[in-house]
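In what follows, a single structure is set out as structure tokens and then discussed.
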Amino acid sequence: MPMYRSRTSTHGRNMAGARGLWRATGMTESDFGKPIIAIVNSFTQFVPGHVHLKDLGQMVAREVESAGGVAKEFNTIAVDDGIAMGHDGMLYSLPSREVIADSVEYMVNAHCADAMVCISNCDKITPGMMMAAMRLNIPVIFVSGGPMEAGKIDIDSLDAKKIDLVDAMVAAASDKLTDEEVQHIEENACPTCGSCSGMFTANSMNCLAEALGLALPGNGSTLATHSDRKQLFLEAGRKIVEITKRHYEQNEKGLLPREIATFEAFENAMSLDIAMGGSTNTVLHLLAIAHEGKVDFTMQDIDRLSRKVPCLCKVAPNIENVHMEDVHRAGGIFSILGELSRAGLLHNDVPTVHSDSMGEAIAHWDIAVADNQAAKDLFKAAPGGVRTTQAFSQSNRFKDLDIDRKGGVIRSKEHAFSQDGGLAVLFGNIALDGCIVKTAGVDASILKFTGKAYVCESQDQAVNDILTGKVQAGDVVVIRYEGPRGGPGMQEMLYPTSYLKSKGLGKDCALLTDGRFSGGTSGLSIGHVSPEAAEGGTIGLVEHGDTIEIDIPNRSIHLAVDEATLAARRAAQDEKGWKPVAKRKRKVSTALKAYALLATSAAKGAVRQLPDDE
């Protein structure tokens, strides 16, 4: 039977000093012997997805204590990708994932905590904490801050519709809108606390936490502002004590992260991601999380799943006027998982933190089949329509649920948006280890695209050349040396894709990069090209005017240059060194250099790899 980790610092004469310090934090004699639960919070006033989390850690802590545990809270950093976007701040976003994972490991191992409740929300925070959870392999429950309510606009020059952050970015670069109209969109795009309202990276990852079995039902879709979300936090506090005692005191199996998030669970999570057209960043993060848990889940597995899982749900930015609040009304993640299960595309026998099996959980929480009033009540939680930064500030209810699986927000396999899923892996001579495209956001007319390369040595150059009209219809904009090492930090390319839209080129151009894309990206945007240019990838050999052939249905991408020419270019590049032609105006700090030194390519999740970690 496993012993509580915390006994290392709470028992024995040699730990008198440690116990003295524990007492100074408020612990008493009766607390020594109880499980110590780390409340891993990520509150910050910099990020709307985290601004409301300040008091929630202590709310969970009180619940832990009532259930018989000892709760100790600490905080991690949290970078807002939207605020860091478009300048050198974005260099820090992906590396912050590793910092978060390390900081959680440092705190939990240094203080010998027995279990964790991870309070995350936005882009790199959830995956960073998940990496730590798989690395530590102690009982854990994830509970996120929840999605933001969608913004709403109604102005003369635009149709009345729901909006989000990406709409504000596109509008700002459009010459068809007045300054006043742009300001109106800006003021209404992000009306409440929470993670941005579409199926962007943050919400995608919080949904995947449900599919991995590490979060409670409703985690990915219950709005940050709704009072129902409070129950998720309270239940997380109670449940973590229960499963911690079952693990340590009863030696019960199937309760640790690596026993829950198995290979089959990763297949479930990826199938969900493909079915809902989630962010391409989730590929990067799932690979990294699997790596930490020593799960052999690869790009080849993702490619295999992408060929058989249909697109069952389209959410902004892949479709207008559908946001996370609409997914919630349609039954949330367990309704999508239910449709996958009925299509024979889900592993139903994997455990979760709240149920013995995924199949059992679906039977209880999928509103299309479950006669469960609690589920029906949960998924009626509606937006409040009032600007606020406060969690649980409203209790509005939808009058009815969306259970239309023919034409609703969530579809059955028979009535899918497409039988081809929302994400695809492409391979070819320009991406020998693969690259990723969110097919749910690609217009059907350009699933096959051949164009001339317009090469940019940085995101900054691409933005300038798009806005100044140098990029023309038919171009494939190639942005290189923006990978994990080359950036360093693998920046998101949301501004270039948004500006292509604003210039009316969204269906006339492709964008190809060894960097990555925001979850807010749509269009023919292909990222994660591996190997990256800085590692000697073929993307570093592309020249202006080269023909690039993209064939999504056949999962291929090809640089139409003969092998002899490529070999000559490679020899020349080897001699010059794999770096941008012109020196970039970019300050690369010691911290970023350290990340770049160890970072792997996107095909391996951009994790750090030591020489003995091969």
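Quick reminder: no glycine exception, Cβ is built from N, Cα and C everywhere.
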For the Mg(2+) site that Swiss-Prot gives as D123, K124, E492, the extra residue out of D80, D81, D167 is D81
Whole-number Å distance between the CA of E492 (Mg(2+) binding site) and the CA of S518 (active site, proton acceptor)? 5
Around the Mg(2+) site formed by D81, D123, K124, E492, which additional residues qualify by having Cβ within 8 Å of the site's Cβ center? V79, A84, M90, S93, L94, C122, T201, A202, N281, S518
Around K124 (Mg(2+) binding site), how many other CB atoms lie within 10 A of its CB? 28
Can you give me the Cα-Cα distance between D123 (Mg(2+) binding site) and S518 (active site, proton acceptor) in Å, rounded to a whole number? 9
